[in-house]
Amino acid sequence: VARSWVCRKTYVTPRRPFEKSRLDQELKLIGEYGLRNKREVWRVKFTLAKIRKAARELLTLDEKDPRRLFEGNALLRRLVRIGVLDEGKMKLDYILGLKIEDFLERRLQTQVFKLGLAXSIHHXRVLIRQ
């Protein structure tokens, strides 16, 4: 029986597997946000890369281009809705300034810990699983 799986890759592995500066940075993120593995870091990094790529492409278009106006507003509204971008910063230029930490701050695990409902960032993950 032939099955076709409709799925796409949600992360991209690093080009250089043993780059010390990157490994240290990822380990710091994992510790700070209580992530389970490197794949969770790569997933957020990939999402950010896709959003920034779309913003860069839209910025190359003319200011009055209908595609830039329509898709740009949609992208900005989406980022404001998920809480990554402030409503005062609704410009494509601000999307390029986003960091991986902006996305990791919006995770439920981080929010539970920041609100003081959990004793540690790892405890927050346990509470969510219950």
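Backbone N, Cα and C atoms are what each Cβ position is placed from, and that goes for glycine too.
Note: K64 (N6-acetyllysine) has no non-local neighbours, i.e. no same-chain residues 6+ apart with C-beta under 8 A of its own C-beta. Annotation comment: Swiss-Prot describes K64 (among others) as N6-acetyllysine.
What Swiss-Prot records for K91 is SUMO2 cross-link. According to DSSP, K91 (SUMO2 cross-link) sits in a coil region rather than a helix or strand. Cβ neighbour count for K91 (SUMO2 cross-link): 13 (other Cβ atoms within 10 Å of its Cβ, all protein chains included).
On the 0 to 100 pLDDT scale, the model's mean across the domain 'S4 RNA-binding' (106-130) is 96. Annotation source Swiss-Prot lists domain 'S4 RNA-binding' at 106-130, citing sequence analysis.
Annotation source Swiss-Prot lists N6-acetyllysine at K114 (among others). Around K114 (N6-acetyllysine), taking its Cβ as the centre, 12 other Cβ atoms fall within 10 Å, counting all chains.
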Q | Long-range Cβ neighbours of the domain 'S4 RNA-binding' (106-130) (under 8 Å; 6 or more residues past either end) | A | 32-34, 36, 82-84
Q: Translate the DSSP assignment of K64 (N6-acetyllysine) into the three-state scheme.
A: coil
